[in-house]
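TrEMBL annotations:
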type	residues	note
ACT_SITE	ASP147	active site, proton donor/acceptor
BINDING	ASN7, GLU383	Mg(2+) binding site
BINDING	LYS14, HIS207, LEU208, GLY209, SER210, GLY211, ASP281, MET282, ARG283, GLY329, ILE330, GLY331, GLU332, ASN333	ATP binding site
BINDING	ARG90	substrate binding site
SITE	HIS179	site 'Transition state stabilizer'
SITE	ARG240	site 'Transition state stabilizer'
Amino acid sequence: MKILVINSGSSSIKFKLYDMQNKIAICKGLIEQIGSKNSHAKLTVLKTGENFERSGEIENHGAGIDIMNELLFVSHTLKSLDEIDGVGHRVVQGADLFDDAVLIDEKVMKTIEELIPLAPLHNPAHLAGMKETLKVRPDIPNVAVFDTVFHQTMPKSSYMYPLPLEFYEKYKIRRYGAHGTSHNFVARQGAKILGIDFDKFSCITLHLGSGASVAAIKDGKCIDTSMGLTPLEGLMMGTRCGNIDPAIVPFLMKNANLSGEEIDTIMNKKSGLLAISGTNDMREIEAKMDAGDENAKLAFDMFVLRIKKYIGAYIAILGEINAIIFTAGIGENDARIREAVCSGLEIFGIRMDKNKNSVPLGEPRWVGLPETKVRIIIVPTDEELAIAEDTVRVIENLNGVPLK
Ligand code: ADP
């Protein structure tokens, strides 16, 4: 059984082909700078590391999907599109209109289109990807897997903003969260590692990549998360500011003569670790810090402090937890950040085995001291595999029989 996972962005298409019997990725690819003269497409066969590339203008997403198919054939990863049992599409924003992954049809695409105001960069790009794959082979089931679904179990008290109710009623302004596919995937892996049924598993998941978010999970259900209406809320990130006093926006408009749009760009692309230290790469920040750079140390400390504040807040609303789970680029690879985040949390029953923590990640594993109640677990996230699994589940439910 083969599942193709597509993450279609405004000027790019990322794809990965899975053999779902063995849960392994066969190949992955990236088509970049769609619509420019510098378009580039690359497919890597994961078993051999062999690359297949194409350069030259790729006009639009339709041409991108054609090149993806061509690369799948020339790399001999597929002989025919008939071998694909389903296509899973990542969708950033499903708002409160989707509480599970769904088979894509005209009605689903229309709803995703209606949600464009909430994800103006992402949802149009996802729709382009869906339309083009369906145009090539309308008979292959395509499934939409939403980043927001896992957070749909948040109670109203978590997802509402203390703003006039009409903003929620008229504009759907509320907290939706993001990275849900990753939080769900790593939490399930964590429960498996500890041998606890997921519906009895409570934890805090820390997705720390260039975008970063936290989720509070009680008995297998998300009850709060740090990202909000957009992925700007919450933690300090690579280039995003996370939580700030909202009054800073009108202050800057008035005193720095910046437009709302300019401030939005600054908060998303020129803030966070980058603004404080000059780089958004945590490896560089730590190297600079070791060389005595004070701003790098400040960025590191601010990043850690903000994570700790969320852990404290989430323990307060969760009560007892089984685990704290680290994932994504920083969470999986950076022992120093993990140690700094967990230090001082002993009062909550969180105690790290520093030796285990410093071993580079191979398999998912726990690095807490054995006698402590709360396990500290590191799990490599795999959002594409999670999308492929959801795609299989939706198709099987539809057919009423397992895929072969
Ligand atoms: P995204 O998918 O959101 O782009 P990733 O989850 O791949 O991000 O994380 C990217 C970030 O992870 C990089 O910006 C870098 O700061 C950090 N990172 C990757 N490897 C390491 C490492 N070995 N040590 C510290 N940070 C790392």
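Quick reminder: no glycine exception, Cβ is built from N, Cα and C everywhere.
Taking the features listed in TrEMBL, we show where each one sits on the structure.
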{"residue": "LYS14", "record": "ATP binding site", "DSSP class": "strand"}
{"residue": "ASP147", "record": "active site, proton donor/acceptor", "DSSP class": "coil"}
{"residue": "HIS179", "record": "site 'Transition state stabilizer'", "DSSP class": "coil"}
{"residue": "LEU208", "record": "ATP binding site", "DSSP class": "strand"}
{"residue": "ARG240", "record": "site 'Transition state stabilizer'", "DSSP class": "coil"}
{"residue": "ASP281", "record": "ATP binding site", "DSSP class": "coil"}
{"residue": "GLU332", "record": "ATP binding site", "DSSP class": "helix"}
{"residue": "GLU383", "record": "Mg(2+) binding site", "DSSP class": "helix"}
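Under 6 Å, Cβ to nearest atom of ligand 1: this is the test, and of the binding-site residues LYS14, ARG90, ILE330, GLU383 it is passed by ILE330.
Within the group of binding-site residues (ASN7, SER210), the Cβ with the highest number of other Cβ atoms inside 10 Å belongs to ASN7. Within 10 Å of the C-beta of ILE330 (ATP binding site) there are 25 other C-beta atoms, taking all protein chains into account.
Here the C-alpha separation of LEU208 (ATP binding site) and the residue listed as 'active site, proton donor/acceptor' works out to 16 Å. Closest by Cα distance to ARG283 (ATP binding site), from the recorded positions ASN7, ARG240, GLU383, is ARG240. Each of the recorded positions ASP147, ASP281, GLU332, GLU383 was ranked by the number of other C-beta atoms within 10 Å, and first place falls to ASP147. Set side by side, the recorded positions LYS14, ARG90, ARG240 differ in how many other CB atoms lie within 10 angstroms of their CB, and the most is found at ARG240. Within 10 Å of LYS14 (ATP binding site), as judged by C-alpha distances, the recorded positions found are ASN7; the full candidate list was ASN7, ASP147, HIS179.
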